[in-house]
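Asker: When I checked Swiss-Prot for this same protein, it listed these features:
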- Gly12, Ser13, Gly14, Lys15, Thr16, Thr17, Arg131, Arg173: ATP binding site (BINDING)
- 34-63: region 'NMP' (REGION)
- Thr35, Arg40, Glu61, Leu62, Val63, Gly88, Tyr89, Pro90, Arg91, Gln95, Arg133, Arg145: AMP binding site (BINDING)
- 130-136: region 'LID' (REGION)
Amino acid sequence: MKQLFLIIGAPGSGKTTDAELIAKNNSETIAHFSTGDLLRAESAKKTERGLLIEKFTSQGELVPLEIVVETILSAIKSSSKGIILIDGYPRSVEQMQALDKELNAQNEVVLKSVIEVKVSENTAKERVLGRSRGADDNERVFHNRMRVFLDPLAEIQNFYKNKNVYKAINGERSIEEIVNEMQKYILSFAN
């Protein structure tokens with residue numbers, strides 16, 4: 001059975017980089033998928049679905065639920081690795097509920113933990129506006145992305161706390177410290 005770890009955090013929290021490094025350090029057993037990367041890859045294909053994704057992401061809005069869930073489940077099931085890290089998901093209560101429903105309806109994948117990389121809004125803003133990855137990284141869109149992240153956060157945290165799978169990690173430290181803590185935590189489930 002595949003072990004799933006969801007890594008959430010504000011834009012600029014470092015969740016994608018953390019997950020990439022952990023997967024690289026454990027490439028035999030761990031696969032990493034960034035929801036953002038999966039959606040950007042689809043968008044770049046300029047397919048009908050890709051253009052729809054681009055319409056939402058260029059405004060800092062959430063991509064429709066069914067597109068996101070399809071993309072994620074397809075990535076998990078096609079992976080040859082036993083431990084799957086997905087960052088940037090869930091970003092809404094609806095995404096959380098849809099994934100929970102899908103996970104409960106099958107026995108190939110088990111959710112082991114939801115890890116939140118916690119940073120202040122100031123840290124997130126400095127990182128995102130200093131990074132300028134694309135057209136969506138300007139101040140107006142940053143604030144929209146923060147609102148989209150923060151609005152459902154308490155409900156998402158409580159849902160996973162009630163399932164005893166929520167873990168918070170301080171994202172205000174060096175990348176080495178964050179990655180070491182997260183990696184040790186993830187690997188503790190493999191034993």
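Just so it is clear, glycine is given a Cβ too, placed from its N, Cα and C backbone atoms.
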Asker: What three-state secondary structure does DSSP assign to Thr17 (ATP binding site)?
Answerer: helix
Asker: Does Ser13 (ATP binding site) have same-chain partners at least 6 apart in sequence with Cβ under 8 Å from its own Cβ, and which are they?
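Answerer: Long-range Cβ contacts: Val117, Lys118, Val119, Ala124, Arg127, Gly171.
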Asker: Mean pLDDT for the region 'NMP' (34-63), as a whole number?
Answerer: 85
Asker: What's the CA to CA span in angstrom from Gly14 (ATP binding site) over to Thr35 (AMP binding site)?
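Answerer: Each residue's Cα considered, Gly14 (ATP binding site) and Thr35 (AMP binding site) end up 14 Å apart.
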Asker: Name the secondary structure element type, per DSSP in three states, that contains Thr35 (AMP binding site).
Answerer: helix
Asker: In the three-state scheme derived from DSSP, which category covers Arg173 (ATP binding site)?
Answerer: coil
Asker: Measure from the Cβ of Tyr89 (AMP binding site) and count the other Cβ atoms within 10 Å, all protein chains considered.
Answerer: 22
